Amino acid sequence: MPDRVFALNGPNLNLLGQRQPEIYGAATLADVERECAALCGELGLALEFRQSNHEGVLVDWVQEARGAAKAIVINPGAFTHTSVALLDALNAFDGPVIEVHISNVHKREDFRRHSYVSLRADGVIAGCGTDGYGLALRRVANLLARP
Ligand code: DHK
């Protein structure tokens, strides 16, 4: 049985490819999911890829991952900078957590430089565009192979 990884996406990421392409690029979230699924096939991982605009739904999915996934890759969108609830949920998850930001949040507004999720994340990838998801999955595969 391949190890299952949850890839969770927060608010407005459903608009990827349409929203501020100069910052977030031209790929759609469906494109990202397709690339992640292909990579997971190569890495021997089973992918569960989801997006929600709602904080509580993301919290529910992180809780669901406790019994259903070995690792979490998460782009929490704007909840990165605001959500203690998401941090608390991630703190109740035992496996590797990799935080992804498509843009370089350190090159933007000051409020984007603080992340609640980073207090839990084992790794953070920012500013690598949508390639960041693949980098995160490769890191997860390495961590699961040799913790
Ligand atoms: C995505 C968002 O929607 C923003 O709210 C974050 C992140 C950055 C990203 O770069 O993927 O600040």
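Cβ from N, Cα, C; glycine included.
Caution: TrEMBL annotation is automatic and unverified by curators.
The model shown is predicted, which means the values in this text are computed figures rather than measured ones.
Long-range neighbours of Arg19 (site 'Transition state stabilizer') (same chain, six or more residues apart, CB within less than 8 Å of its CB): Asn12. Annotation source TrEMBL lists site 'Transition state stabilizer' at Arg19.
The Cβ of Tyr24 (active site, proton acceptor) lies under 8 Å from the Cβ of Leu16, Gly17, Ile102, Ser103, each of which sits 6+ residues away along the same chain. Residues or ranges marked as active site, proton acceptor by TrEMBL: Tyr24.
Residues or ranges marked as substrate binding site by TrEMBL: Asn75, His81, Asp88, Ile102, Ser103, Arg112. Around Asp88 (substrate binding site), no same-chain residue at least 6 positions away in sequence has a Cβ under 8 Å from its Cβ. In the three-state DSSP reading, Asp88 (substrate binding site) counts as helix.
Under the heading active site, proton donor, TrEMBL lists His101. Long-range Cβ contacts of His101 (active site, proton donor) within its own chain (separation 6+, distance under 8 Å): Asn75, Thr80, Val124, Ile125, Ala126, Gly127, Gly132.
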Spatial neighbours, same chain, of Arg112 (substrate binding site) - Cβ under 8 Å, 6+ residues apart:
Thr80, His81, Val105, His106
Under 6 Å from ligand 1 by C-beta, which of these recorded positions make it: Arg19, Asp88, His101, Ile102, Ser103? Sequence order, please.
His101, Ile102, Ser103
For Ser103 (substrate binding site): DSSP state (helix, strand, coil):
coil
